[in-house]
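K.L.:
Have a look at this one before I ask anything.
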Amino acid sequence: MCALKGFLEENFYTYSVAKGNHSTVYEFILLGLTDNAELQVTLFGIFLVVYLASFMGNFGLIMLIQISPQLHTPMYFFLSHLAFVDFSFTSSVAPNTLVNFLCEVKSITFYACAIQVCCFITFVVCELYLLSIMAYDRYVAICNPLLYVILIPRKLCIKLIASTYVYGFTVGLVQTVATSYLSFCDSNVINHFYHDDVPLVALACSDTHVKELMLLIIAGFNTLCSLVIVLISYGFIFFAILRIHSAEGRQKAFSTSASHLTSITIFYGTIIFMYPQPKSSHSLNMDKVASVFNVVVIPTLNPLIYSLRNQEVKNALKRIIEKLCLAVK
């Protein structure tokens, strides 16, 4: 991390000074969601409650999976990592946003901004591929239940998760380094409530065509690749469910994928809205609204979606509560 800091600061300084005829920017100021002081206090309270709910929901789900032997399956192994990524995703933005709600000047250094961008992109990419891995897991469980243990062994699960984290960090690092090659001068005001690539590119005073093309290609590629895996998996699942003769069997097969399908629809919908679109049609104000939903709401909803619609999770939670009640008595 120190090496990354040194590279970013040195590269940013060298490139900005080389442009000349401009005052170099070393920190940024966020406009936030609103300039209304009373509304900012209200938003602080809302964001704090939602962030704490995200923490309790996601880490509660992780702990429940860890201490419940009946949940020690590939599906819940992936779900525990999705919960971790969800909370990390929110934590890359929410703490700084909460502080800014209470500050008159919402400033941040270039280094801190770069770290936030890198973490944000890393966890977005991780979530994309985790959702696609979970879709494949549901495909195997429904279409090839007898081969489930053979097709998705423990070692494969670990390799898939490790690959997701490594690839996500690589994409985040590449995008952050590419952003450091931009020159930021004169204006240092970012029209957003956190440091994202899109508003940063809009602020740059150097040529941004390469960076914009890179952002579009990488965002489009990762969204499309993961979405194709999801669509193919659910295509096979859909036809497999149609071949089930009993209504009860169809209902059981569908219920195992319903929560995951709900989560996918919400997440991909906001991602497609936010990133793979041309600059001329991109509204930063609309991006703020989508970002609040993507960064704050979805990571909080996911534990509820997977808990309330999943009988195995509800049964495991019920057993834990019963054990606690017996221990208290």
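The backbone N, Cα and C atoms fix where each Cβ goes, and this holds for glycine too.
Sharing the feature lines straight out of Swiss-Prot:
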type     : residues  : note
TOPO_DOM : 1-44      : topological domain 'Extracellular'
CARBOHYD : N21       : N-linked glycosylation site
TRANSMEM : 45-65     : transmembrane segment
TOPO_DOM : 66-73     : topological domain 'Cytoplasmic'
TRANSMEM : 74-94     : transmembrane segment
TOPO_DOM : 95-113    : topological domain 'Extracellular'
DISULFID : C113-C205 : disulfide bond
TRANSMEM : 114-134   : transmembrane segment
TOPO_DOM : 135-157   : topological domain 'Cytoplasmic'
TRANSMEM : 158-178   : transmembrane segment
TOPO_DOM : 179-220   : topological domain 'Extracellular'
TRANSMEM : 221-241   : transmembrane segment
TOPO_DOM : 242-253   : topological domain 'Cytoplasmic'
TRANSMEM : 254-274   : transmembrane segment
TOPO_DOM : 275-287   : topological domain 'Extracellular'
TRANSMEM : 288-308   : transmembrane segment
TOPO_DOM : 309-329   : topological domain 'Cytoplasmic'
K.L.:
Any contact between the transmembrane segment (158-178) and the transmembrane segment (45-65), i.e. 3 or more CB pairs below 8 Å with pairs at least 6 residues apart?
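P.N.:
No, the stretches stay apart by this measure.
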K.L.:
For the disulfide-bonded residues C113, C205, work out the Cβ neighbour count at 10 Å and name the residue with the minimum.
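P.N.:
Relative to the other disulfide-bonded residues in C113, C205, C205 has the fewest Cβ atoms within 10 Å.
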K.L.:
When only pairs 6 or more apart in sequence are counted, do the transmembrane segment (74-94) and the transmembrane segment (254-274) reach 3 or more Cβ pairs under 8 Å?
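P.N.:
Contact absent: fewer than 3 Cβ pairs fall under 8 Å.
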K.L.:
Across the topological domain 'Extracellular' (95-113), what are the DSSP residue counts per state (helix, strand, coil)?
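P.N.:
When I sort the residues of the topological domain 'Extracellular' (95-113) into the three classes, I find 11 helix, 3 strand, 5 coil.
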K.L.:
Using DSSP and three states only, what is C205 (disulfide bond)?
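P.N.:
Going by the DSSP assignment, C205 (disulfide bond) belongs to neither helix nor strand, so it counts as coil.
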K.L.:
I'd like the per-state residue tally for the topological domain 'Cytoplasmic' (309-329) from DSSP, helix first, then strand, then coil.
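P.N.:
Grouping H, G, I as helix and E, B as strand yields 18 helix, 0 strand, 3 coil.
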K.L.:
Where DSSP helix means H, G or I and strand means E or B, what are the helix, strand and coil counts for the topological domain 'Cytoplasmic' (66-73)?
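P.N.:
Each residue of the topological domain 'Cytoplasmic' (66-73) counted once, the result is 5 helix, 0 strand, 3 coil.
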K.L.:
Going by DSSP assignments with H, G and I as helix and E and B as strand, what are the residue counts for the topological domain 'Extracellular' (179-220)?
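P.N.:
Counting residues per DSSP class in the topological domain 'Extracellular' (179-220), I get 21 helix, 3 strand, 18 coil.
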K.L.:
Sort out the residues at least 6 away from either end of the topological domain 'Cytoplasmic' (242-253), same chain, that have Cβ-Cβ distances under 8 Å to it, and list them.
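P.N.:
Sequence-distant neighbours of the topological domain 'Cytoplasmic' (242-253): 142.
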K.L.:
When you scan the chain for residues with a C-beta under 8 Å from the topological domain 'Cytoplasmic' (309-329), skipping those not six or more beyond its ends, what do you find?
P.N.:
61, 64, 67-68, 70-71, 76, 255, 258-259, 262
